[in-house]
Every structure is written in structure tokens, then in C-alpha cells.
Amino acid sequence: MEGEKRPAPYEGLFADGHLVLWTLCSVLLPVFITFWCSLQRSRRQLHRRDIFRKSKHGWRDTDLFSHPTYCCVCAQHILQGAFCDCCGLRVDEGCLKKADKRFHCKEIMLKNDSKALDAMHHHWIRGNVPLCSYCVVCKQQCGSQPKLCDYRCIWCQKTVHDECMKNSLKNEQCDFGEFKNLIIPPSYLTSINQMRKDKKTDYAVLASKLGKQWTPLIILANSRSGTNMGEGLLGEFRILLNPVQVFDVTKTPPVKALQLCTLLPYYSARVLVCGGDGTVGWVLDAVDEMKIKGQEKYIPQVAVLPLGTGNDLSNTLGWGTGYAGEIPVAQVLRNVMEADGVKLDRWKVQVTNKGYYNLRKLKEFTMNNYFSVGPDALMALNFHAHREKAPSLFSSRILNKAVYLFYGTKDCLVQECKDLNKKVELELDGERVELPNLEGIIVLNIGYWGGGCRLWEGMGDETYPLARHDDGLLEVVGVYGSFHCAQIQVKLANPFRIGQAHTVRLILKCSMMPMQVDGEPWAQGPCTVTITHKTHALMLYFSGEQTDDDISSTSDPEDTKETDIAKRESPR
């Protein structure tokens, strides 16, 4: 209608511009907020890392969900903060600087050289005491109130209530608690430092003040072994022991870490290796280097905390098939203190390639567990090849065993190692052995194989005397294929026992065959493999959960002399 007013053109443009403005705000504002938050987060992370790097504490990240705790500075719940894996101090993110100034971490050496060995006082940290801990004064439970309360000594691990804490208790000397025989006191290292300045090396005088039962323990943990539990274990051991005793072998090689043994009295040190059989072999190689350097008197005894996949050596020595945190670290230390010393044979494996004029280089390995050629080496070779391509997919022990099962099933159908008896010649102590139609040969030094199977002894009515790991003899068996290996592991079949010998020689005449030494596989062409005795290693055997078979396997050598003679005369 003519009387109606039409909107002016600029009013429509204004409304459209308003809409565009609100659209831009609704899109750009969340983007800006997200960008600003990420920028602030990165700044906080850089600031926190800078504090971590400069601090004397061993800070690690923590939050409300990983471990609900209270800040030792402001006494509030920690939403995002850090904890020290040496002294156990826990603080909120905003209190990190204050905590660095206010609280001292564990001192691996005392600053005052004049202090005596028995002048160590308690080092108390308030709050976040362990569950089920009890006051040393009133014997009642500590840490039961929902707030920052009670005290804990970071050396002896004793706890005390706030109201029970007295001046006399604050000035009381610390005896290092339950694990005093495993801890290297800071004052001992201070005295050693002073003696070295004075060019004295009689450390036994200092050790005598610590008692005859003092057997200091060195922890060598592989943070990448098995299910990557090593990182957490390193922190737990640092809290219970002196941090100078705890090493991550991925950062400090065993050769360097074991030099700490040279600051201890003769034949007193013990080593706990946290890792798989490969890590144990790495440490034992470092011990052999100590022998080469003329440090035989400082050679430690070695215990094992199994973190790998197979862990056959740790199983043979009574430490179990795998550690998944089922027992506390304190109990692990108690087991080490109760363990007994045994010897372990170590063998030299020489692989000489078959070439013109013998100009090819000789390969040499050290064997602790077993050597094999055939289907089990093929499974290990395939497993390692795929793990190198995608290592993040092989962090689970159960998944690793499932992958082994897959490759074993595949080989049952393909049979890549068939007619092995036509490709190899076997000699035991210089005598040629006629082989049946086998697919694999396994040379054993220890009692367990394949993740917990007693291969030599067999099952049912055909049981053989137990294999020993310190008699200088190797057990040689054969398998008919991957399916036969699976039957042996589930106790449905026995291996083909070839015999025992002090020296084993295997000649691969043609083709490529998979081989392995202690789980380290490779593809090998025509060659000669010679296995001879190399040396002994001093190990620790834990008999807390041993069976009757285990007792007989570690009995006195004189009691088993007749058994060894009978085994040498067994048919080959």
C-alpha cells in the first residue's frame, strides 16, 4: 500500500552487518580462548620444567586423579602439582618455588666432613604418610585424618603424630630403619671422599662401624623393560634407599654404575637388576669387565626383579616369571636380604661364517640361558622385526606372548625350518651325533625355557634328573616343529633329548637359518657354532617359594655327583 513505509536501505545493511559481527564473535572467540589457554599451559609447562631442571629435588608430575594428596606448603588438595621421588615431598604447582627454598631433599653426602657415621638425625617431612603406618610413640595409626598431618622420616620411614612429635624426637639420631643393612649412609660417602683425598683405601674400617650384616644394595633398573614399570620402581627405590644407589641403565650404563662397588668393602655389595633377561645379561657383561680391570674383590652378587616377557633366568633363580606390582617394593628388598648366593655358568658362543680363506669376521656372544636354531628362533626373529617397526605396540607382556603365539601358529603351516637334520651336523664333546628328522635344536644352560617350561626334565613318567646351572654342563634337546614346542609348553609332550656336554659344536652346511642367543635372534648363513664355558657369575637365589624340585636343583654338588655321571652316560 502506498501509505506503508519501506525500510531504508542502510537499515537492512546494518542488520546484516550485525549478524556478520555476531557470527564472527561466536566463531573467533572460542578459537581465541583455546589459543590463549594453550599458550598459558605451554608457559606453565616451560616454567615447571625450568624449576624441575634447577631444583635439587627429583620432581615428577602428579595430579588429583593419579594420587590424591595434600600440598606440604599450603596444605590444600593438589589438583595439579609435583612430587619428589627421592624424599616423597608433594606440592601444588604454585608452591614449587617455595618448596624448593623451604625443604631440603635427601643428601647423598653430608656437607660437614667432621660428622661421624652415627651422627645422622631424622629428616622429617610432614603429611602424606603411607597407609597403614603407625606412630613410633603411641603405636596408633598415622595419616588417618583428611588433612595434612603427621610426620615421616625420609630415611628410616618411621611415622609419628603431630601431637606426639617432641623436641627430643626431632633431635634423635636416625638408625635408617628396617633397611639399614642395604642403605649406603651419606656420612659413609663423606668419609670415603675424605679418605680418597688423603690417599687411603682401607674402607673396611668404616664398614666395621656399620656392622657385619651391612650388605649395601645397588639398584640397576631398565625403565623400558616389559610393561615400562621401571620408571615408577626407580622412584620407590629412591625413597627407601640412598638415591646414589639407584640407577636407570638407559641413562647410566651398568659399567659406570657398578664402579660404586669399588667404594665398598670387599665382597659386600649386592645388585638388584630390574628388567628382563637381556638387561641381566647386560649387567653380567659389565661385571665381567670389572674382572678384566682386576676388580675381582668388588664383584657383587646379582638378584633379579623380572620386568621382561620371558624371564626364564629369574624364574630359574626363584624370582618368578614376571613382576607386575603384586608385592610392595619393601617386600622385594626383604627378599633380597634373605636370598642365598649361587653360581651361574656363563658360556661363550662363537659363530664362524663359512667363507673363502676364512676371511670373514668371527661373531662372539655370551650365553646365560640358551642357544637355539629352528622354530623358536624364527618366532623371536619375526617378533623383534615387527617390534622395531612399532615399539609402542609391544608394551604389554600379554600382547607380546600373543604375538609369539601368532607366529608359532603360522610356522606350523609353513614349516620354514623343516629337514634341519639334513642341514646341520652336531658334535657333543667332539663326538658326532646322528639326528632324527628335527626342525630345531636347543642348547640349555638353565632349567627353564620358553617363558616357564622345564624343557630337559620332561613330563609324566619320562622325567629326567633336574638340570643345573652351575655344573659346567649343557643340555641339548631337539624339537619336531612349532606345534611340538606348543605341546611341550602345555605338558602334552617331551622334547627329544640328545644329551649333555661340556662343549657343543654345530655346523650349518647350507641355506639360511634363524638362530638366537638369550632371545637375541638373527638370520645366519652357513657357519660353525662352538659353545664353550666362559666363566661363573655370582647370583642370588630366592628360596621363599621354592618347590621340592627347586630344592633338589640347588643341592650340594657332591650329593649329585652320581646323578651327573648318569646323565653324561645317557644315550645320544
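Backbone N, Cα and C atoms are what each Cβ position is placed from, and that goes for glycine too.
Record features, source TrEMBL:
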COMPBIAS  547-557  compositional bias 'Acidic residues'
COMPBIAS  558-572  compositional bias 'Basic and acidic residues'
DOMAIN    56-105  domain 'Phorbol-ester/DAG-type'
DOMAIN    121-174  domain 'Phorbol-ester/DAG-type'
REGION    547-572  region 'Disordered'
TRANSMEM  20-39  transmembrane segment
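Per-residue confidence over the domain 'Phorbol-ester/DAG-type' (56-105) averages out at a pLDDT of 87. Taking H, G and I as helix, E and B as strand and the rest as coil, DSSP gives the domain 'Phorbol-ester/DAG-type' (56-105) the counts 10 helix, 15 strand, 25 coil. DSSP labels the residues of the domain 'Phorbol-ester/DAG-type' (121-174) in these numbers: 4 helix, 13 strand, 37 coil.
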